[in-house]
Amino acid sequence: MGCISSKSTQTGKKEGKTAAERKAAWEGIRHGLPRRKTAEDKARRIELFKKFDKNNTGKLSME
């Protein structure tokens, strides 16, 4: 069992976004996720979890 990768990753050549673009993208993700210890963020985390918990088991599954 191994990891299948393209030739571009094997040669070490980076294609696509620059480091600054990737950093900006992650900043956007961080700002969009409810990470603070506030009541509002906690409520948002609960709502997000409910969207992912399709089986209503209190667990995340691969289905």
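The chain as shown is numbered from 1 upward.
The backbone N, Cα and C atoms fix where each Cβ goes, glycine too.
Note that this is a predicted model, so its numbers are computed, not measured.
Copied over from Swiss-Prot:
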type     : residues           : note
BINDING  : D53, N55, T57, K59 : Ca(2+) binding site
COMPBIAS : 1-11               : compositional bias 'Polar residues'
COMPBIAS : 12-23              : compositional bias 'Basic and acidic residues'
DOMAIN   : 40-63              : domain 'EF-hand'
REGION   : 1-23               : region 'Disordered'
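In this view, N55 (Ca(2+) binding site) is surrounded by 9 other Cβ atoms within 10 Å of its Cβ, with every protein chain counted.
Close to D53 (Ca(2+) binding site) in the fold, though at least 6 residues off in sequence, lie K59, L60, each with a CB less than 8 Å from its CB. Compute the center of the Cβ atoms of D53, N55, T57, K59, which mark the site for Ca(2+); besides them, the chain residues with Cβ within 8 Å of that center are K54, N56, G58, L60, S61.
Taken together, the residues of the domain 'EF-hand' (40-63) have an average pLDDT of 91. DSSP labels the residues of the domain 'EF-hand' (40-63) in these numbers: 13 helix, 0 strand, 11 coil.
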